[in-house]
Structures are given as C-alpha cells and as structure tokens.
Amino acid sequence: MGVSLCFTTSATYTLPSFSSSYNRSPSLSQTLFFPFCPKPLFSLNLMSKSKCGNVDDHTLTSSLFDYHRFDHQLLQSIAYDSLVWASLHGLLVGHKSIQNSGTVPGVGLVHAPFALLPNPFPEIHWKQACHLAPLFNELVDRVSLDGKFLQESLSRTKKVDEFTSRLLDIHSKMLEINKKEDIRLGLHRSDYMLDEQTNSLLQIELNTISSSFAGLSSLVSKLHRNTLSHYGKLLGLDSERVPANNSVNLFVEALAKAWSEYNNPRAVIMFIVQAVERNMYDQHFLSVYLRERHHITTIRKTLAEVDQEGELLPDGTLAVGGQAIAVIYFRAGYTPADFPSESFSLVDLSFLSVWIKSISRFLENKDDIAKLRECFAGLWSLDDSDIARKAIERPELYVMKPQREGGGNNIYGDAVRETLQKLQKAGSQEDAAYILMQRIFPTTSAAILMRDGCWHKDHAISELGIYGTYLRNKDKVIMNNQSGYLMRTKVSSSDEGGVAAGFAVLDSVYLT
C-alpha cells in the first residue's frame, strides 16, 4: 500500500542538505521557500555538468526509474512546484464534490490527476506506435465506407444490444438512400500496452469517437519537461527525453481544415458534449484555439439540445439554434445515457445532413498489413465455443469486454468464468454483446501519482495512446498524420483505466 502526502500547513524553512545517490560536484547550497510543507525540506546542492546518468551515454538502468527511492522531501518540493505549474497553465478539471463544477466554467477547479514524473518507455516501441498511426487512420476510413461489412460484423450484437441496434438502424438508413460523405474527418486514438511476457507492443483499442485529452495531455508533457529542467540533475533524468506533445494544436489544425473544406464561412463547428462534463477544459482548449487562431466559431450542445433546436434546411444543411453546422466533433454519444430518448429524432436527421462526420477503412500493402497485425492482441467473438471453453478454464488470461465505450465496463478474473457460465446456462444470444480479448500483462513501475493535492507512491502500469488525424475530400487525402500522444498510468492493482472515470492519472513518456 502506498502513502498519500498532502500539503496542509504554511511555513518558511531553511533547507538541510539533500543526499543523492548520483555523483555530483559540490556547489552553492540554496535556501528555498515552500509554503504548505509541514517540515524542512532539503538544500539543493546543484550537480556539476557531468553527464553521469545521462541517457545519451546509454547508462539507464532499471534503478534509475525507481522513483520510490527519491527522498521524501525532494518529492514534496517537486509536488508543490508541479501543483503551481498545473494551476497556472490550465491542467484542470472540475472537482466531483463541487456542485456545478461540470456545468459552469471556473467553478470547483482542481488539478487534473497526473504522475509526478514521466513514465519510462522504450524508444523502439514509441517509434513503432507513432508509425502505425497513419496506417490505422487509413484503415478506419476504409472500414467506415464498407457498410455491408459493418452490418454483418455486428449482426449478432444487434439482436441483443438495443443501443447498438439503433445505431445500426441509422446506418442502414444512410445506406438505403445511398448517402455518401465526400468530406471525411477522423480524430482517432490507438491505445497500447507493452506486454512484459512477449516484450511486444499490443493494441488495447482504437478510439474513433470522443478521443479525449488532446488538450490536457500536451500540458502534462510540458509539465514534465519543466520539472526535469529544474530537477533533472538531482533525479538523473534529461528533459529532452520527454517527447514534445503537440496534440492540441494538431487536433485544432484538423478541425480547422475540415471546416475550410466545407466552404461556408458562416457555418460553425459543433461539439457534442455531455450535460455534466468535469473534463470540459480539455475541450475548451480546442474551442479557444479555433477561435483565436482560425476565427472559427464553436458551439457546445448535448444531444438533447440538438433534438430540441436542430432542423434540416431545404439544401440538406443541419442547423442548430439557427446556425449552420459544418463539422460535428463528438465528445459524447458513445453511451445510451447521452441520448435524450429512444426516438433519436434529430439525431437520425443529423446523420442524413451535409455536415462532415468525424468518422472513424482495407489495405493493399503487405508490409503495412504485417505492421498492423504485429500489434494486434488476441480478440475473439463468443460464438467461438472453443475460446469460450478456454476462457472458463483460464479466466486470468482473458478480458471480457462489452460493446461499450468509457471506463468501468470490462470483466476480469473469476468474473469472466462466472459471466460466461451464466450466459451459457441462459442459452440465449446475450453473449453477442461481449467479446473476449487476450489479457496483456504490462511491466509495473514505481510511480508517484498526484490527485487532489496529494502525492502517492504506488506500483503502476501505463497505457500509451497515439492520436491520429485524417481528412479526406473525395479521392484527395488532405491530412493523414500521427498527432501527439496520451500516456495514462494507474495502480497495478486496478483493472480499469479511465482518467475521467477515476482510475488513472495523466502521464507522459520518457524515452529509454
């Protein structure tokens, strides 16, 4: 069990000398002021310019990333500075205990949960993940155009999952009227873990809707680079090994180019959001930059508001609140709770209108296919009785996943066996609502996690998300890029991993 440490008092101290395991030349001792620290911290004896411990000298060892070995008072100092930085730079969310924190900007602000120091990640796997992004972008676009494939692949699920059934009905309506979108925008994120048993990069999932944290993830990378620029010599870490993360700017650029392709300067970009959204500031970064850099107006609407205010104009344009919509960016709509009613009235209509859908298709290049397959974890439908039997015998080797997005829905361990046996006993087709996935066993690391102003030592595992942006107008590919990254870290004892769901913290990459 880790120990959480919070800032509770205010005082000024002269700091005693801090002893580090790294060799360094003696130099001037500095006295620092740290409010909220309950006892004296340490004096910073600045290291010489020796490259001892520098990654460029290839001297990294596993002990270097044992962040638990660092002196308590040093970590207290880094934590305080990090909280200041986060507060000043907008690394913020709404606190769940404060009323209106998810509806009124500026109310109930608290720093987003983050790791105090960046997560070590092999550079060879980092480059592999980045290289895969454009391939997945192209694959998703092509799959999205194959209506027959999508309908057939989800036909069993449709019979038992009302939400998926309704979405497929909307899709069928588009196919019936042969509705085609010349302009297609994809904002994706492919999530990976490093499997310790095979030392391979394996894909967890590919997000094609609500690919969140493009705004805040770029801030965490800046925070960690800033931390290492000040404390790197004491820690033996190099800030240049934290890759720059330009996700927020690249998402903004993609949205702006899609808006430009629509070619209606009076049209706006509509963000589809949830009624209560404590992660609104991650979204507002995109809105503000679109306005300030590209002079593009954005509006925020729930699906209920679209249902009430939306209309189709005679030319097929979707208008909401009297404003023509050029691009719709979905940050909601992946769960039944986001929809106002079973009728989906204007949600149906919006799929038939002339806006650009942020969509989430098949490849000919054999080398590209091989590269994609290399990162695929095992994935099976439950109509395969043999794999179901194996999962009942060894449930610890599998994860059971429902057709749902968002954290907190997966089934692990003995619950996999129990759920499968229950479904088999029922003799229905309810198993079509689930898939089985190979369970990945990632390497654990010694992490320092920050939440609600407290830092906490624990053993953790991490998940790397690589953003991709894709824009196409008819046969012309305008954009197909890897567009930044998201690292999330959680305690190793937790099966679920969503930051917004409360299981994980935001992190960044330290290349090894």
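These residue numbers are counts, starting from 1, taken along the chain as shown.
Just so you know, glycine gets a Cβ as well, placed from its N, Cα and C.
What TrEMBL says about this one:
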| type | residues | note |
| --- | --- | --- |
| BINDING | ARG189, 209-212, 277-279, GLN283, 331-334, ARG488, 499-500 | substrate binding site |
| BINDING | GLU205, ASN207, GLU405 | Mg(2+) binding site |
| BINDING | GLU205, LYS357, 401-410, TYR412, 437-440, GLU463, LYS490, GLU496 | ATP binding site |
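Among the binding-site residues GLU205, ASN207, PRO402, TYR412, ARG439, LYS490, the ones whose Cα is located within 10 Å of the Cα of ARG189 (substrate binding site) are GLU205, ASN207. Taking the Cβ of ARG439 (ATP binding site) as centre and 10 Å as the limit, one finds 20 other Cβ atoms among all the protein chains shown. Cβ neighbours of ALA332 (substrate binding site) (same chain, under 8 Å, six or more residues apart in sequence): SER210, ILE272, VAL273, GLN274, THR302, LEU303, ASP338. Within 10 Å (C-alpha to C-alpha) of VAL499 (substrate binding site) lie the following binding-site residues from GLU205, ASN207, TYR412, ARG439, LYS490: LYS490. Summarising the environment of PRO402 (ATP binding site), the number of other Cβ atoms within 10 Å of its Cβ, over all protein chains shown, is 14. Counting only the Cα atoms, the space from GLN283 (substrate binding site) to ARG439 (ATP binding site) is about 32 angstrom.
Within 10 Å of the C-beta of VAL499 (substrate binding site) there are 25 other C-beta atoms, taking all protein chains into account. Neighbour density at the Cβ, taken as the number of other Cβ atoms within 10 Å, is lowest among the binding-site residues TYR334, TYR412 for TYR412. Separation of the C-alpha atoms of TYR412 (ATP binding site) and GLU205 (Mg(2+) binding site): 16 Å, rounded to the nearest whole number.
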